[in-house]
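Working notes, structure below.
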Amino acid sequence: MIKKRNTTKISVIGAGSVGATTAYALMLSGVATEIVLVDVNKSKTEGEAMDLSHGADFVKPVNILSGDYKDTESSDIVVITAGAAQKVGETRLQLINKNINIFKSIIPEVVKYNKDAILLVVSNPVDVLSYVTYKLSGFPKERVIGSGTVLDTSRLKHEIGKRYKIDPRNVNTYIMGEHGDSEIATWSVTNIQNIKIDEYANKENLEYNDNFRKEVYENVKNAAYEVINRKGATFYAIALAVTRIVKAILGDEKTILPVSTLVENYYGIKDVYLGMPCIVGGSGIEKALSIDLNKTEASKLVKSAETLKNTLNNASGL
């Protein structure tokens, strides 16, 4: 549990597009009194901290610093965005060997100065790297969280909301499994303000069939690739997703978010990190929820877990 104190310190490891934008989103949210940026490119980190600090007049009081791992000491949350960026045509899982080696140098340094922090992994492939962080840190699973499928779930809500012309916040659903190509949409539990999606579509004379589900799912699954093809990287939406997770932790909200967590016995899945609805609060992940999936969804989730396990088993440097 994060201890109540007058200051809240968040460190962001990696000051690339995702890290810098995350720091910006955290600054706007007003959740932290201190934000520390750490990156191997110290000049860029200094520049990002300066640029952010120059906006201090427009937000709640917050101290933005650039520094090294020693400066992260006693952070409440350490957000890890460092790693090789995903290139055009490259899958998240193809990043693994590059980023495992990077994490082997980062995590021991983070742990050295932050014995009680919650670690929030954002770097891709996030599920695999969350597991790597869990193993390297020696922290309990509750305090090693991956950003998981929080963003993917938002993308799914956006797609449904756009097609049905409703506020996406009124769509209740989850993307589960890998944050990547094997992720699954949980159509069987999807509802619009507690009305099952098929019933809602029928009442409102809206499309809901195999073609609808396929199109929506493909758009969600391929969303990052489409953004990368157009602008080179994704960073705004993931920064907002990270900020949402951070707020849930710092506010001890006990809110349900599909973060990446260590799964130990769910449809036979165990010893792998993947996106699942979890109660997120001051202790980190307080409980993973075992929601009932239909047979098709459960089978796909098992395959998603197998994909992640195979990637870990085939990765070099572990």
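Glycine residues also receive a Cβ, built from the backbone N, Cα and C atoms like all the rest.
Annotation comment: Swiss-Prot describes Val18, Asp39, Lys44, Tyr69, Gly83, Ala84, Ser105, Val122, Ser123, Asn124, Ser147 as NAD(+) binding site, evidence class sequence analysis. Under the heading substrate binding site, Swiss-Prot lists Gln86, Arg92, Asn124, Pro125, Val126, Asp127, Asp152, Thr153, Ser154, Arg155, Thr234, citing sequence analysis as support. Taken from Swiss-Prot, the feature active site, proton acceptor covers His179. According to Swiss-Prot, the phosphotyrosine annotation covers Tyr225.
Known features from Swiss-Prot, placed on the structure.
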residue: Gln86; record: substrate binding site; Cβ neighbours (10 Å): 20
residue: Ser105; record: NAD(+) binding site; Cβ neighbours (10 Å): 10
residue: Ser123; record: NAD(+) binding site; Cβ neighbours (10 Å): 31
residue: Asn124; record: substrate binding site; Cβ neighbours (10 Å): 29
residue: Val126; record: substrate binding site; Cβ neighbours (10 Å): 30
residue: Ser147; record: NAD(+) binding site; Cβ neighbours (10 Å): 31
residue: Asp152; record: substrate binding site; Cβ neighbours (10 Å): 27
residue: Ser154; record: substrate binding site; Cβ neighbours (10 Å): 22
residue: His179; record: active site, proton acceptor; Cβ neighbours (10 Å): 31
residue: Tyr225; record: phosphotyrosine; Cβ neighbours (10 Å): 16
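Spanning the residues Val18, Asp39, Lys44, Tyr69, Gly83, Ala84, Ser105, Val122, Ser123, Asn124, Ser147 that the record associates with binding NAD(+), the maximal Cα-Cα distance equals 25 Å. Checked against Tyr225 (phosphotyrosine), the binding-site residues Lys44, Gly83, Gln86, Ser123 differ in C-alpha distance, with Gln86 being the nearest. The number of other Cβ atoms within 10 Å of the Cβ belonging to Val18 (NAD(+) binding site), over all protein chains shown, comes to 26. For the pair Lys44 (NAD(+) binding site) and Asn124 (substrate binding site), the Cα-Cα distance reads 21 Å. A distance of 9 Å separates the Cα atom of Ser147 (NAD(+) binding site) from that of His179 (active site, proton acceptor).
Ranked by Cα separation from His179 (active site, proton acceptor), the binding-site residues Val126, Ser154, Thr234 are led by Val126. For Gly83 (NAD(+) binding site), the same-chain residues lying six or more positions away in sequence with a CB closer than 8 A to its CB are Gly14, Leu95, Lys98, Asn99, Ile102, Phe103, Ser123, Asn124, Leu129. When the neighbouring Cβ atoms lying within 10 Å are counted for each of the binding-site residues (Lys44, Thr234), the highest count belongs to Thr234.
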